[in-house]
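As recorded in TrEMBL, the features of this protein are as follows:
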- Asp23, His24, Gly25, Lys26, Ser27, Thr28, Asn135, Lys136, Ile137, Asp138: GTP binding site (BINDING)
- 11-188: domain 'Tr-type G' (DOMAIN)
Amino acid sequence: MRTQPGQTDPALIRNFCIIAHIDHGKSTLADRMLQITGVVDDRSMRAQYLDRMDIERERGITIKSQAVRLPWDGHVLNMIDTPGHVDFTYEVSRSLQACEGAILLVDAAQGIEAQTLANLYLAMNNDLHIIPVLNKIDLPAAQPEKFAEELAGLIGCDPSDVLRVSGKTGVGVKELLDHVVQTVPAPVGDADAAARALIFDSVYDTYRGVVTYVRVVDGHLGKRERITMMSTQATHETLEIGVISPEPKVADKGLGVGEVGYLITGVKDVRQSRVGDTVTSAAHGATEMLAGYDHPRPMVFSGLYPIDGDEYPELREALDKLQLNDASLVYEPETSAALGFGFRVGFLGLLHMEIIRERLEREFGLSLISTAPNVVYRVVMEDGKELTVTNPSEFPTGGKIAQVFEPVTKSTILAPSEFIGAIMEICQGRRGQLQGMDYLSEDRVEIRYTLPLGEIIFDFFDQLKSRTRGYASLDYEPAGELESELVKVDILLQGEPVDAFSAIVHKDKAYGYGVEMAKKLRELIPRQQFEVPIQAAIGARVIARENIRAIRKDVLAKCYGGDISRKRKLLEKQKEGKKRMKMVGRVEVPQEAFVAALSTESGTDKPKK
Ligand SMILES: Nc1nc2c(ncn2[C@@H]2O[C@H](COP(=O)(O)OP(=O)(O)OP(=O)(O)O)[C@@H](O)[C@H]2O)c(=O)[nH]1
């Protein structure tokens, strides 16, 4: 194998990632590695160094993967930090394909959790060398002996092979780095072959355009070289090529076999530099692409509307900008009779949805109304026509529907065995079908269910947590679709259906849902100067009704005397209060009402207080 001068000999490279359940301490361990290998000095060190987005730091979670090059003991380690939340599993799977080894990190006070398993299986499917590690051994509540045994049982090694570290104090981290050098296989590739590099991440930078993260498999990529994205055959010139350590550093000699780094070509949209694609050189290009990844598909949809209709163009612009950085974000314009002009936006999951919403409001200063999230339904009509419904208000009404299909998930729940009963009750109440159950140790079980995705996106996780005192963890993956008896429940205000309130619900739950929604809306919608009847209906059949009585709200009534400034203050205050209100017909509806369905506990799984 030929290595050009100045390039790293592949035999000295180790590419690894850290995978773990959320909050088990990946980012903290990554911080220690940055410090111990000396790429960040103690003075510039800050917690969660690699989480660059404000929102990542505030929430203490990792959203985008990061790749850093660390010098250690004459070797080059490329560490890829990955997010742990289920919504971002696709980020994890991309990163895994750029590695030969994975540190499987488990909190020594918590033990194995649902995402520990999910990530371990992903890593095993990618044939990665697994290094089992217990973290947080400094915690008084740590039970390293117990969990080393659990972990060893899971991956089939000896409990003494499980390393023990503390990302917080740094104990054991040097030994872990040594272990990475000794046990993770060096990358293998053909230096003389045509260049092939895998894109495992692609981010938009305001100043530099799209920064594409690649792992070179064969050949070499250099600066000022014309490259081709193999899936689209689009060619670009590499303007800059380098490595992250932990700030970007230009690599004059380019990147060779096994190296991980970034390239900049001047493209302005991450979709032109698609994750999973293979980069090759335009002149002597490779003919065969590397195995790609699954393209992330939106699982959850919600309508986003500006509170102030004039902000519609700003919302469009903001979504366009976010999409430059997030290829999984999809949206299209929609109009709602109740809410005006807005967008139907597709997300990977609820956390993704929350994050996008928060970024729109925070980074772009928009005030938004979001409708209750829903999944995608496939409706087959009697005449054989098929519809994909991403908005409940588009669900066809009338008797011509032949079949409705909804997405289902394979869900795995891990919890102490004392909660089996409670968990089964919740899942049964959500139309779940038990698939199996295994004991991981004497007192911890893994329970597998097939559950409709639509049932998970409504406060399922909160219910699970509250019924298991926070001990259960959940992971789910899409598992196709199932035929189901679903109906549309409409909500009418003053006799007029409000499209943004429509929901698709299982036939057996429709009645309970309608009654509860009507009740909830009566509480949430403030009294107006006229009476407002609220009705829930399936087609033309009204299934529930509530009334909001009229009042005459005169905020100035208590201001006798002529204190004009006080009056003005009261009026201002009232205006403030209205900011999050939307006029629907003649009725003022607060934002909370549009997501009321989120906390509607129809079914049997109400928490027992
Ligand atoms: N006592 C102790 N606390 C730790 C240790 N490592 C991490 N923590 C704490 O555990 C919490 C989660 O740590 P993070 O590093 O943010 O976890 P993460 O796995 O990166 O989380 P995500 O990025 O959201 O997946 C933080 O409050 C850390 O301070 C450790 O070794 N000892």
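Here, residue 1 is simply the first one shown, and the rest follow in order.
Here the Cβ of each residue, glycine as well, is placed from N, Cα and C on the backbone.
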Sequence-ordered binding-site residues from Asp23, Ser27, Asn135, Ile137 with Cβ under 6 Å of an atom of ligand 1: Asp23, Ser27, Asn135
Sparsest-packed among the binding-site residues, when each Cβ's other Cβ atoms within 10 Å are tallied, from Ser27, Asn135: Ser27
Listed in sequence order, residues with CB under 8 A of Gly25 (GTP binding site) and six or more positions away: Leu105, Asp107, Asn135, Lys136, Gly167, Lys168
Other CB atoms, at most 10 A from the CB of Ile137 (GTP binding site): 22
CB contacts for Asp23 (GTP binding site) [other CB atoms within 10 A, all chains]: 16
Largest CA-to-CA spread of GTP binders Asp23, His24, Gly25, Lys26, Ser27, Thr28, Asn135, Lys136, Ile137, Asp138, angstrom: 17
Local backbone state of Ser27 (GTP binding site), from DSSP in three classes: helix
Averaged pLDDT, computed only over the residues in the domain 'Tr-type G' (11-188): 86
Ile137 (GTP binding site) in three-state DSSP notation: coil
